[in-house]
Amino acid sequence: MSLFTVLSRVGGVDLLLHLVSLGALRRLSGLGVRRGSLRENARAVGPTAAVLGALLLANGTVRDVGVHLSWLIGINVTGAIHAIEGGFVADLQSFASPPLTAYFSFVYVFGYVFLLTFPLVLYALHDDTRPLSATLVAYALNYGIGLVCYVLFVAYGPRNFMPGAVESLLFANWPEVQALTSQVNENTNVFPSLHTSLSATVALLAARYRSTAPGWLPIAAVGAASVAVATMYLGIHWLTDVLAGFLLAAVSVGVGARFAERRHGEQETESPEPLHGTAGGVVEQFRR
């Protein structure tokens, strides 16, 4: 299967997910959509979007150069990671089954793309510019910091470091997807897990701005958790990579939200049904 075929399949599935989700959220919770929102938001976040675009372009352009540079100046932390967590990923794969493998493979490819792109559409249609601005800044920080980490740290994933104990379940069950992953990933770029950090970023922003689209929060939370588990279940990332991804997400969301509120003005985003208990306290920290 060619790269174009894989991209077409991913694009088609995610377009369908976008249409279904947008329609469902509008019916269930209503969105603050008004005529002109898209145009006004595009003007407001144009410079930020340009920075994100430049980072994405740079990430793809210098990917091969970064790998060579990493071997020159980077630190190989693979052994240290394995010493810390041992066979955690192998133990996780002991629960593998065809249904779980199919689910996590779908989540890793289709679900991940949906999680990253849908908030851009959702927030662009809302009359509050802050969620879209915060999302773009947080994405840019994820990619920027991630690129630096990939140069500073050489780390092979568990499927490459201990192939006898950890299976490459994604490629074993869906070999065609290698045509896509080989274009965006390197075997030594696993610390931190950007799949985890970007997905967690989406969930944290959904919690912070949940009054914008209340129905989006549970979808984002389940999706982010599924992506994080998928990266380990499929043998791609270590638990350490995932935890580092959560930390990167927290930092990126904190900076992105603060930037958005200072640039576009603070507005009340309290939900009519606030969370309570420990979970509510944690979420509240990201809403301030």
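Using the three backbone atoms N, Cα and C, a Cβ is placed for every residue, glycine included.
What TrEMBL says about this protein:
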- 45-62: transmembrane segment (TRANSMEM)
- 102-124: transmembrane segment (TRANSMEM)
- 136-156: transmembrane segment (TRANSMEM)
- 148-257: domain 'Phosphatidic acid phosphatase type 2/haloperoxidase' (DOMAIN)
- 216-236: transmembrane segment (TRANSMEM)
- 242-260: transmembrane segment (TRANSMEM)
- 263-288: region 'Disordered' (REGION)
With the cut-off at Cβ under 8 Å and a gap of six or more residues from its ends, the chain residues touching the transmembrane segment (45-62) are 129, 132-133, 136-137, 139-140, 143-144, 147, 184
Would you mind listing the long-range same-chain contacts of the transmembrane segment (216-236), meaning Cβ under 8 Å and 6+ residues beyond its ends? 21, 25, 88-89, 92-93, 96, 100-101, 103-105, 107-108, 111-112, 114-115, 119, 122, 157-159, 166-170, 190, 193, 195-196, 199-200, 202-203, 206-207, 210, 242, 245-246
Contact set of the transmembrane segment (136-156) with the rest of its chain, CB cutoff 8 A exclusive, min separation 6+ beyond the ends, reads 45, 48-49, 51-52, 55-56, 58-59, 62, 66, 69-71, 73-78, 81, 116, 120, 186-192, 194, 197-198, 201, 205, 238, 241, 248-249, 251-253, 255-257, 259-260
Average pLDDT across the domain 'Phosphatidic acid phosphatase type 2/haloperoxidase' (148-257), rounded to a whole number: 92
